[in-house]
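Q: These came from TrEMBL, pasted as-is:
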BINDING   42, 43, 44, 45, 46, 47, 48, 49, 88, 145, 146, 147, 148  GTP binding site
BINDING   49, 66  Mg(2+) binding site
């Protein structure tokens, strides 16, 4: 029986080892994802907290209305949204504008299955935000939530009612 053996020269072995080490360890960190500061507003019960919890892969059971504000970093593949969620209760809405500074975008969440009266209040708050000096030039996302409910209005109906 004849054995075949391969002899590695020390310099050849060192080069292979160095290249392997560089390939595994020396790539450096990935480039940082850009971060954007966004404010999320809407009436109580619109689903702001549930929406952000889902986007962050958090448990959505037992969610209670936000009193004051909360901040969540919502990771996406190409960016991170630092979202300031502001509570929607009447006693909190009057302070919304104090949290607008530095925002680069706005998410306005409304309950598409809410009563006519609540939708009118949401419309008024939306128009107030659209006209606010710190928000009027920013991109707005208007999210008609609760589309899974039987009383949910279509996108066309919501669009018509909030104009």
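Note that Cβ sites are derived from N, Cα and C of the backbone, with glycine treated the same way.
Please go over these features one by one and say how buried each is and what sits next to it.
A: The DSSP secondary structure for residue 148 (GTP binding site) is coil.
Within the same chain, residues at least six positions away from residue 66 (Mg(2+) binding site) with a Cβ under 8 Å of its Cβ are 48, 49, 85, 86, 87, 88.
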Q: When a 10 Å sphere is centred on the Cβ of residue 44 (GTP binding site), how many other Cβ atoms does it contain?
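A: A count of 16.
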